[in-house]
Amino acid sequence: MNFSTLNLYLIASGMSLGLFAVIFIYAKFQTNSNIIRSFGYSVLSLGTGFFISGFGHALPIWATLIGTNIILTISSAFFHRGLYKFLYNKRPSHFCWILAIGTAPGFWYWGIVDPNGPFRSALFSFAVAVINGLNTQLLFRIAKNNFKNFAAWILFLLFATATVWMLVRGIYMLQLDTAPSIRASNPTDWKSLLGYIILVSLMTVCVMWMESTLRDGYQQTFFQKNKENFKFIQHYGQKVLLLWSCVSVMIFGIVCLLGISYGNFYEVERNRWLNSTEIINESFVITTNQITNSIIFDKNNNKSVASSAESKITDVFTHFYRGIAELENISVVLIDKTNRSIKAIAPDNVKNIDLKLIEPLWAALNNASQGLFESIDSDTGLKQLFAYTSIDNTSLVIMTSLSNQGLSNTVHLRMFWFAIVSIVIVLFTVFMALLLTAEIKRREDQMQFMAMLNHELKTPMSVIRIATDTNTFPDKLKIAISRAIDDMSSVIDRCMQSDKLQHGNIKLSLSYLSIDEIIDTGIMNSSAPTRIEADVEKKLTVKTDIQLLNVILSNLIENALKYSPANEKIKMTAQQFPKNGSLGVLINVSNSPGTSGIPNSKRVFEKFYRDAHSQSKTGSGLGLFIAKGFSKKIKGDLRMHATNHLITFELWIPL
């Protein structure tokens with residue numbers, strides 16, 4: 001396991017612990033949050049395991065090879081416990097815990113007795129795949145029981161993906177052919193941790209989302225006890241809490257992706273530099289050998305030689321590496337290993353290198369004629385990487401050095417635009433979250449206003465209605481007052497219904513209903529029952545929500561009564577009618593056009609729509625909008641057809 005892998009583990013640990021903090025805060029305001037809390041413990045376990053792995057070089061070998069793998073495996077068991085308790089209201093068996101702890105002998109054998117990194121990874125992958133497979137099965141049952149819960153289905157797919165990933169990874173590790181020198185090392189790379197960060201971020205969002213839809217909101221008693229301290233949460237509600245929790249998860253994810261990208265770019269740049277150094281050094285060695293051979297040839301032909309091979313090589317070195325000055329933070333040194341002195345340095349502006357800095361070179365030369373070594377500059381404290389190559393038939397060594405600061409500067413340039421794009425994404429997301437928060441606040445205020453309006457206006461209207469029942473007022477005045485109260489009450493009711501429809505605060509209560517009975521009820525409760533003629537097929541029964549259907553029929557009937565000629569009959573029919581291959585009931589409400597004329601069929605169901613010719617009639621413009629919305633809620637369909645002599649509203653609802 002190299003130092004880069006340890007850094008990746010620390011990044012994954014930071015990500016996991018950050019997610020745990022978000023989950024913990026979110027769960028604090030939930031009731032009976034078994035799922036979210038158990039998932040939080042899973043993430044905490046993962047963060048702890050990665051944190052210990054990140055300091056593996058400073059810990060006993062058993063702590064990283066056995067302890068951390070067991071901790072990481074146990075993380076899935078925490079979530080299994082929460083899911084099982086949610087489904088069956090009891091604790092599961094200890095199978096997952098036994099399986100996780102049972103992997104210890106394998107980690108001990110392939111970690112200490114016969115070190116084998118791929119086999120350890122395969123064992124870990126298979127164990128996690130089994131536990132995640134059980135979690136996937138439980139999530140499928142939750143999603144099936146809550147079929148319309150989109151978050152539950154996404155979470156099921158994510159865990160199914162994680163299970164398949166672990167299985168494939170385990171099989172791949174068993175077939176991986178590694179060199180004996182690196183067989184004991186951990187094969188985990190940045191790609192695996194990148195996949196982990198993406199998966200666990202999506203899982204966290206889906207778990208919080210699913211929890212918010214499976215439960216009935218937050219802990220009211222907790223808020224009441226801490227009203228002054230939690231005004232923000234109380235005011236904005238659970239939607240804002242979920243929104244900002246998701247934003248926090250995204251920010252943590254982007255920060256970790258930046259960290260992984262930096263580490264990956266650093267390794268790529270380092271390898272690129274090493275490859276370039278090998279090519280440059282090899283080219284110089286070839287040139288040097290040609291010079292040496294030329295000198296030997298001149299001696300053999302008894303020609304006079306002005307200088308030794310070493311001096312010629314020094315001159316060629318200076319000329320050969322003059323262009324290296326264009327490369328920032330790179331220096332090339334020609335060293336005489338006989339007297340351990342520096343013969344030449346390029347570029348020219350580089351100061352002399354402290355011989356103490358290259359002290360490891362002499363030990364390295366005893367092992368190989370070319371290679372790498374690291375050393376730390378005592379003045380700057382910066383680590384420097386050196387590549388060296390001995391020149392055949394001479395006592396000279398060419399050495400190229402690059403400081404970590406130089407590598408970092410190069411990586412910073414490559415990371416600049418990536419970081420800018422990430423910052424823009426974060427700022428845009430936060431901006432959108434602020435807009436959504438303001439919108440949620442506006443809707444909350446609107447709902448509170450509507451509730452206040454309903455309470456504060458209906459109470460005095462009830463008092464007025466009671467007062468009109470006495471003999472104090474003339475009969476005509478009583479009728480006028482009663483109609484005015486009915487109109488105001490109708491407007492308030494429709495405003496409340498429209499608000500519920502717009503914000504999705506409608507829960508269906510399905511039951512079997514007799515169509516003829518519900519139509520009779522709607523006619524009797526209308527403002528002019530004697531004007532309505534009904535032709536209803538007998539023994540028609542549907543399974544729907546009685547309250548929503550009553551509202552739909554009431555709005556259609558009152559709309560027909562209001563906009564038809566006075567004293568003209570309204571016709572209602574109901575019959576069984578198939579549509580799109582499904583049986584249902586078709587209810588028609590028909591009336592002749594009144595003074596308002598024929599409404600615009602394209603806009604008649606819009607909110608607050610009222611035709612220009614109908615302004616003399618009282619109304620809110622919400623009745624048909626509500627009827628259309630409620631018909632969709634009960635999986636029905638409401639349409640309007642009009643001719644010069646007849647306006648018909650067709651309501652189809654499934655059996």
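Positions of Cβ are set from backbone N, Cα and C atoms, glycine also.
What TrEMBL says about this one:
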- 6-27: transmembrane segment (TRANSMEM)
- 39-55: transmembrane segment (TRANSMEM)
- 61-83: transmembrane segment (TRANSMEM)
- 95-113: transmembrane segment (TRANSMEM)
- 119-140: transmembrane segment (TRANSMEM)
- 152-173: transmembrane segment (TRANSMEM)
- 193-210: transmembrane segment (TRANSMEM)
- 240-262: transmembrane segment (TRANSMEM)
- 415-438: transmembrane segment (TRANSMEM)
- 452-655: domain 'Histidine kinase' (DOMAIN)
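Below 8 angstroms of C-beta separation, residues 118-119, 121-126, 128-129, 132-133, 135-136, 139-140, 142-143, 146, 187, 192, 195, 199, 202-203, 206-207, 210, 214 of the same chain, each at least six residues beyond the ends of the transmembrane segment (152-173), sit close to that stretch. Here the transmembrane segment (61-83) has long-range neighbours at 34-39, 41-43, 45-46, 48-50, 52-53, 91-92, 96-97, 99-101, 103-104, 107-108, 111-112, 120, 123-124, 127-128, 131-132, 134-135, 138-139, 142, meaning same-chain residues at least 6 beyond its ends whose C-beta is under 8 angstroms from one of its own. Counting residues 6+ beyond its ends, the transmembrane segment (119-140) has Cβ neighbours under 8 Å at 65, 69, 72-73, 76-77, 79-80, 83-84, 87, 96, 99-100, 103, 106-107, 110-111, 152, 155-156, 159-160, 162-163, 166-167, 169-171, 173-174, 186-188 in the same chain.
Using the rule of three or more Cβ pairs under 8 Å, pairs at least 6 apart in sequence, the transmembrane segment (240-262) is not in contact with the transmembrane segment (95-113).
Per-residue pLDDT, averaged along the domain 'Histidine kinase' (452-655), amounts to 82 for this model.
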